[in-house]
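S.K.: Here's a structure for you.
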């Protein structure tokens, strides 16, 4: 099993990152480089979280081996937490051989740092650029990132000059590398505590409120009112942009040098607008530079950027509106079915997507009623209590993890108890649950926050390239300080435990923070205590109240604006529900009409076809006979007779066409 656990987790994490990226991104429409860069950033960050517990168990085993192989005189009591030299060490099932983890962490860490500080910011500007060529997009990205990169180069250059001038500093390359890592982790820890303080309170509270059906329905109405405003704004913005595109398309003719740029813009427009603009184009009119003023390539690039943004926003609001409608209809169905005597869940509208037969077989209406109306609220309450207990343990450990005598951090107590018995399964499970909960609190906040319309992770393939790349940047900057904070909570970091023990492979890559003592002994220890203040502020919704005072409508139960938006959203949902009911009633009537009269129409149609076949065979038989005996008195030809047979419309009565020829009279009938 040596190294097998590492390989399995590498494969599993890759598919997990791919699944999440498929949920938020769009593989068909977005650029491949954007998908690959975002997938690599998410994959590396998730991989660090899943592999770190294996590093902890391997480090504990190596400490045990080192204690057993060293004599008491050599140990000098260094391994105070380990057993004496006669203690036998058991190799963990997930043991990773020596030399693999340092190389693995070095590759993962520096690749993620290259992504977050160099590649992803450049790709953000490249994806948002409205240039019409690769060279133009690269030029725009370099110009936009010149200030970004120049600031870091200026700070780093000033620091190098200060170190070179000051004779008290004799820094080597390894120490410079450690200083760079410490600076990056300090920036990440500053943001980490803010996101962690929000997630530790909001995640348990959201699950507790998830058990309240009335609360969820009111919040859905509130979201519907806000989303309708955003949807109308997006439609209006798209109309304005399309009007500008139409004017540009009409002014720049087919033989203008910038016509290729206009065609590129038109390809990004919705199909209905493309057809409308194509009908109004006149490709036979030449352009005249002396009479008309034409836009420049720079203005077309700006228009191209606006078209991409407006189309993406319009598509996203349309999809989110449909999803919100389905959610509101379902919550209303749950409220109606709670008082059902039959205990079978009845849907107002049938699902538009085909359901899986296996799920439909097991998840019957009775099972659905018991789950949605009876079991699910209690499940959410129990889960909320468990998550709240985890949050309390995390807050307590964040405030006391610097204390080593006595050990007050509960996570450190759990790990040290398991270390004495070498229960590696328990160690790995405790480490995984701890770091997984911390990651959920931080990463879920990244998925929830929204910075106006510039950064917004929308599910169902509606996230734009800029937001995907920005999320990859945040993950790469937050994950290393998150892992260092976890190692500090469990006292696996020698900087916190103040023990001369073998460090983990991950800590050895970070280097010794003793180079910057004010960061190692000050900021890293006392700054995480601010999580208490942030948790209190989140519990009393201080941030929500501040945003509400600034004019950003937030869901607050005691606000008059919230009540008005709830009433507005309720009316919107009711209107959409009536529209959906009329559509389904029309479809049901058409279906009943087909079922009732479809067979009769088919029999009538088959009878008419059979009669036509008889008449055609009869005419062919008569046509093969000698026609000399049956000539008409008025001199009609054979072609006139055939045309009379093929005429489908009723003929008016005409006395001149009546004669005594019986064959001709039969043909007339």
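Yeah, the Cβs are placed from backbone N, Cα and C, and that goes for glycine too.
Sharing the features that TrEMBL gives for it:
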TRANSMEM  6-21  transmembrane segment
TRANSMEM  33-52  transmembrane segment
TRANSMEM  103-126  transmembrane segment
TRANSMEM  146-165  transmembrane segment
TRANSMEM  177-201  transmembrane segment
COILED    224-251  coiled coil
TRANSMEM  378-396  transmembrane segment
TRANSMEM  425-446  transmembrane segment
TRANSMEM  466-489  transmembrane segment
TRANSMEM  523-542  transmembrane segment
REGION    576-669  region 'Disordered'
COMPBIAS  582-617  compositional bias 'Basic and acidic residues'
COMPBIAS  618-634  compositional bias 'Polar residues'
COMPBIAS  635-644  compositional bias 'Basic and acidic residues'
COMPBIAS  658-669  compositional bias 'Acidic residues'
S.K.: Can you tell me which parts of the same chain pack against the transmembrane segment (378-396), counting only residues 6+ beyond its ends and a CB-CB cutoff under 8 A?
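M.R.: Same-chain residues near the transmembrane segment (378-396) but 6 or more away: 196, 200-201, 203-205, 207-208, 210-211, 408-411, 437-438, 441, 489, 531-532, 535.
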S.K.: Short question: most Cβ pairs under 8 Å with the transmembrane segment (466-489), which of 33-52, 103-126, 146-165, 177-201, 425-446?
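M.R.: Ranking 33-52, 103-126, 146-165, 177-201, 425-446 by Cβ pairs under 8 Å to the transmembrane segment (466-489) puts 33-52 first.
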S.K.: Give the mean pLDDT for the coiled coil (224-251) on the 0 to 100 scale.
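M.R.: In the predicted model, the coiled coil (224-251) has a mean pLDDT of 92.
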S.K.: Can you work out which residues elsewhere in the same chain, 6+ from the ends of the transmembrane segment (523-542), have a Cβ less than 8 Å from its Cβ atoms?
M.R.: 186, 189-190, 193-194, 196-198, 200-202, 205, 391, 394-395, 398-399, 401-402, 484-485, 488, 495-496, 513, 556
S.K.: Can you name the far-off residues of the same chain, 6+ from the ends of the coiled coil (224-251), with a Cβ under 8 Å from a Cβ of it?
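M.R.: The answer is 262, 265-266, 269-270, 273, 276-277, 280-281, 292, 294-295, 300, 303, 306-307, 310-311, 313-314, 316-318, 320-321, 324-325, 328, 553, 565-566, 568-569, 572-573.
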